[in-house]
Amino acid sequence: MARPSIKEYLASNPGKVLVLDGGQGTELENRGIDVANPVWSTVPFISDSFWSDKSSMDRQIVKGMFNDFLAAGAEILMTTTYQTSFKSVSENTPIKTVDEYNTLLNHIVQFSRDCIGEEKFLIGCIGPWGAHVCAEFNGDYGEHPENIDYYQYFKPQLDNFFQNDNLDLIAFETIPNIHELRAILSWDESILSKPFYIGLSVHENGLLRDGSTMEDVAQLIKSLGDKINPNLLLLGINCVSFNHSPDIMESIHKQLPNIPLIAYPNSGEVYDTVKKIWLPNSHPTFTWDAVVKRYIDAGARIIGGCCRTTPDDIKQIATAVKKYSKN
């Protein structure tokens with residue numbers, strides 16, 4: 001059976017909350033793939049053996065990850081392409097031309113579709129401009145972030161993804177800077193021609209990583225009025241503090257009550273950006289059950305996990321979604 005348009009699906013099933021998969025990069029690392037690389041979780045796909053040898057270990061690991069997220073209850077899953085901008089790939093791998101880059105993206109998307117089947121929704125994942133300079137967690141885009149040509153940075157990946165029928169939705173993930181957000185929101189249907197969402201990188205204090213408030217974000221969106229791209233399907237948060245995420249979601253919902261939301265926080269562990277290690281969550285405040293209920297009450301339509309979330313986390317999310325959603 002052919003998949004419906006995700007935009008039509010969510011509109012015709014207003015009580016439905018889709019379960020997203022979990023932290024792919026950290027899950028691949030847990031399973032033995034060394035992702036300590038400038039292209040991070042893209043690294044297994046760079047090797048020719050991944051594509052030429054269907055029994056290769058890395059190929060089996062990635063397929064196994066998808067299978068386990070599906071078995072846990074994921075209904076919508078992502079391509080492993082967060083750190084796969086043309087700039088990152090061309091500067092850090094043997095892939096140098098746009099043609100070679102398009103071949104890589106086509107292979108990754110097709111492999112992802114083959115892993116999850118035709119009935120599940122597939123998201124084309126795009127990391128922020130800051131990902132290539134490790135700024136997604138501080139929002140520091142230099143002295144003049146307003147002068148960055150964000151479109152030229154994203155264009156190769158956008159051009160590929162928007163032409164790929166295997167993708168149902170495009171994700172701009174972990175956006176930490178309001179100037180980048182403003183740029184994305186300024187692009188019309190000629191650039192963003194299929195449904196997309198924006199996941200904000202928000203500090204535990206409720207501010208965008210660059211210090212902008214959720215009121216600033218809301219005012220930016222409201223200021224666009226009917227000029228906003230109709231393909232903007234959801235707004236939300238990802239790669240954020242598990243314990244603080246419900247408050248952040250409620251803050252966004254209060255400011256923008258008519259926009260469907262998406263939430264996929266980290267596991268609750270805290271990433272030390274200096275030592276580059278994950279530290280245990282010494283003050284677990286909520287369970288997935290409690291967090292998911294608050295997300296749904298705040299208008300979430302897609303819920304999953306980001307860094308360090310496992311298939312077991314997704315199973316807990318799926319159970320809570322079934323318990324609290326109206327469909």
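Each residue, glycine too, has its Cβ placed from N, Cα and C.
TrEMBL entries are annotated by machine, without manual review.
TrEMBL annotations:
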type	residues	note
BINDING	Cys239, Cys306, Cys307	Zn(2+) binding site
DOMAIN	6-321	domain 'Hcy-binding'
Within 10 Å of the Cβ of Cys239 (Zn(2+) binding site), how many other Cβ atoms are there? 23
Fewest neighbouring Cβ atoms within 10 Å among the binding-site residues Cys306, Cys307 goes to Cys307
Same-chain shell around Zn(2+) excluding Cys239, Cys306, Cys307, C-beta within 8 angstroms of the CB centroid, reads Gly23, Thr26, Thr174, Asn238, Val240, Tyr264, Pro265, Asn266, Gly305, Arg308, Thr309
